[in-house]
Amino acid sequence: MADNRIAGSLPTSSKWSFLPKSVSSHFKPSSNPRSSNPDIENAPPQNPNIHNPRNQSVSSKSTAYKNQMDSPNCRSQVSASRPRAISALKTRNEVEEEGASNPHVKVVVRIKPTKEYCWKVKKVSKVSYSVRDRHFTFDSVLDSNLNQDDVFQQIGVPLVRDALSGYNTSVLSYGQNGSGKTYTMWGPAGSMLEDPSPKGEQGLAPRIFQMLFSEIQREKIKSGGKEVNYQCRCSFLEIYNGQISDLIDQTQRNLKIKDDAKNGIYVENLTEEYVDSYEDVAQILMKGLSSRKVGATSTSFQSSRSHVILSFIVESWNKGASSRCFNTTRTSRINLVDLAGAGTNERDATKHCVEEEKFLKKSLSELGHVVNSLAENVHPGISDRSLHKTSCLTHLLQESLGGNSKLTILCNIFPSDKDTKRTMSTLRFGERAKAMGNKPMINEISEEDVNDLSDQIRLLKEELSKVKADACHSVGSKNDYFGAKNARESLNQLRVSLNRSLMLPKIDNDEEEITVDEDDFKELHLQIKSLRGSFNQKLKKFPVNRDSVNSSFVTAFGESELMDDDEICSEEVEVEENDFGESLEEHDSAATVCKSSEKSRIEEFVSENSISISPCRQSLILQEPIQSESPKFRDSLRKSIALSSSCLRNQNSLAKSIKSTCFAESQHIRSSLRGSKIFTGSTESLAASLRRGLDIIDNPMNPASNRCSVSLSSDNLTMQPPTDDRLPLSPLCPTCRICSSKLPSVVEGDGYHMEGVLEKQQELEKLCSEQAAKIEQLTRLVGQHKLQTEDETEKLMGASNGERLPSANENQLLSCITETYDVKQISDDDSKKTDFDIGEKEALLKEIEDLKKKLQTPVTMSTNELRSSLLARSFQLRSKNAEKDIEEERLRCTEMESEWISLTDEFRVEIETQRTRAEKAEAQLKQEKLSSEELEDALRRAVLGHARFVEHYTELQEKYNDLCSKHKATVEWITELKKAVAKAGKKGCGSRFAKSLASELSALRVERERERDLLKKENISLKIQLRNTAEAVHTAGEVLVRLREAEQSASAAEEKFNEVEEENEKLKKKMEKLKRRHKLEVVTIKKSLKQNTLPESALQPLHQRNSAIEEEGM
């Protein structure tokens, strides 16, 4: 099959088209394949058993070396170190048991046979060897007598075993030029398409991939009830002069190395081909090796001048028969590294060759530096990332050198006296690399890990969408998401996905032949009779109910499952509203009891090797789940927070309303879930998540309702808990509220203050009546005083001595004046205490002044002194009282100011507390919004998961219906067969029936072959169409990427053009300024010339001289 496929897909004429002329001329098959030039690096080594006349000069030395290697001790050592061919891989437990003996870094030395005399390699101990009186530690040494199959058994078989176990593996071929590195790794180009044989010349890589694919097929066959899927992809790159090139797609050159947390270290835009057989890998190897850079050196005229790395990734998925998704996923990487040796070409010393040799020596020296630093590291397995980034080779081999990989270093040496220095450096490199500490791990992801990482993936997807949205909105930025760089990356991903879509399953071309004989027919007849007898016996033991549905499916593990819808649906459990989880558990337990009872009965029935066939009816059609609304907070709950007493008063009722609405919505959700709870066993996780969500919805309402609210009363500025019977305050500012609180007239409904006001009014009325009586007395006294003063004036005029004595009337007048002043003072004091109008006070003062005037008019000159003394006393009293009033007013103002300051401070503190409370409320509101969004997301995902469950069950229902129809068809066919057999038995023509049955089967086989051929043709045409569409999509993507690049170049050119235009405008402005300056200078010069006093005759010679100079210049 494999040969036919290769011959059909790749003809012999085109096999050599991948190779250059210089290489293909040497590697084409000939009559004597051993007669190739031994100076070529990829040529097979010379067999010492074949006679060669060129070796006669050194025959004695070579025979001595041959005799030493053919000694029984050496033969026993070689046979002991050579493992036998492994027919099947060991299990994972055996691999772990051998982990102690299997080192993570293995060093193997292979010796290339030489024509000249070579020095000896002595084995000192199990892992120690002596070369020219120096001891080295290696895992094994392969001498020149061992062939390619021995190298594969030593290196390749453990590598394939580790790769299929989930480990990363690497093989690094190191050595000088002409030591056989390329031959050991790849073998001759013509041997890749040969059949594998122990004595063949196939290299290590082809043998590894042949065994790998054969073991994959064997694992698929041995999987039993498990479903095992494998997917392999391959990439091939070259490092030449410090630049990375793609050997599969040669248009991809100068590629960059990227390092991120998701993909690790990878090469950008590197082609990865999906392969499913060894032939695909062989084509990639032939194409890549034909494009590798080769050149002539001092040791061989065709030597590798570049490093090549072949990366092969194996992904496997294991899925059990009972599980719905994959249980484990393994990913392993195989890196095959072929390094170029540092050799000079003495004949050709051009600049290109010198630069080539410089880069090779630099990369190898950087590799040696990394190996030395890792070997001397105190903590093995821990490597500095900056250490590996010194060159492309060490950067790509970061995981292989001191990382998560099992490394095998193949040191190829050429033991001759000419290259002793390079041989010893190769051995020292292998010994240092042996001391590196790699930490390989099994790259396996289980189902539990996937469940744990699902939330992280969801969050990362949200962040990615946000980043993409931000990148799309940022127009004109350099890091645009739709730039040419990102477009190129998306094109590469599209190409990978197209290659993956082309991976169609293979068609099994094995032809099935059905041969029918009379003996087979007799055996079938006996089996039918035995089954009929056992069926009748079981019918007697177990009566079958025709109405119920009893359909059993026997799986690959021998387990039986029963779907009894009538019995499961008949058991209904009453679900209480307050205990949703217990109802689910009760329903689940009831369903499991029914299933277990029916399962035990069926297992007893099946255990006795009998089959019961009963007519099946279709089960009920699965209904879709009822759409349940997610618990959202209404818009009228708390959109904003107002710092008022009314909002604080209504907070309890608001919390109650929130709680009632959430309770109603939770009841609605429960009822919807109760109605959609069809498959209880599969919805346990959904019920648990919804139960937690309902608890979260119900619980946050309690702290919101228990918050204590605070109100500001007008009586005293203290924080008091609110009461339900408080009156709403008027919408006034705090200052107006305080002023209104001080006025007793504003206070309503306070009896104590009203009584005080009435008492004060009565007192004021009494004072007014007393003052009115005093005023009347004063008027009477004034009248009497007038009469007395007239009499006294007459008496005084008649007196001669001019002295007078104060009379009783004068004393009485003085007492009246003082009494009026006291009444005035009392009235003033009362006016301060009372709320008299200003008009009444002025009227009283006017009356007092009128009285004073009336008193002053009748007073004569003799009473001037008395009046002046009385007035002075009154003025003194008034000044003292005024000063006291001013001081009292000042004290009162200061007290009021202090009260206002204290009130403002208290109000400021109150505002700050209310502000902090509002901020806390806003934060809590945001948290509640976030929790509500998370709950909505959880419910949405739960509903989607439930819908997927329903879809899955509908698919199962359709499959079940198909199986029922097939079962009915088989039952009908068996009944017809039974009838035919009975008729043939009665007539005695069994042989004729057998012949007719054979003819029917042959006719069916012919029809099946025709259908198969048609399907093959359709499959081929579909593959061709798929490839054509893939090529068309790829070309369209390439066109789009180039258009994007052209747009970017055009935009860059436009920007440059705009910049040039701006510069031109600036230059034009500068020219205009210079012209203006020049005109001004010319005008000034002309003015200065006009103002010059020299005559014109003196200026004419100068003018003539200038004109002559201008003519000569012309």
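Backbone N, Cα and C define each Cβ position, glycine as well.
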Annotated region 'Disordered' segment (source Swiss-Prot; candidates 586-608, 908-930, 1092-1114): 1092-1114
Range annotated as coiled coil - as stated in Swiss-Prot, picked from 158-201, 642-685, 1038-1081: 1038-1081
Around the Cβ of Lys181 (ATP binding site), the count of other Cβ atoms that are within 10 Å: 27
Other CB atoms, at most 10 A from the CB of Gly175 (ATP binding site): 24
Three-state secondary structure, which DSSP defines for Gly175 (ATP binding site): strand
Residue with minimal Cβ packing [other Cβ atoms within 10 Å] among the binding-site residues Asn177, Thr182: Asn177
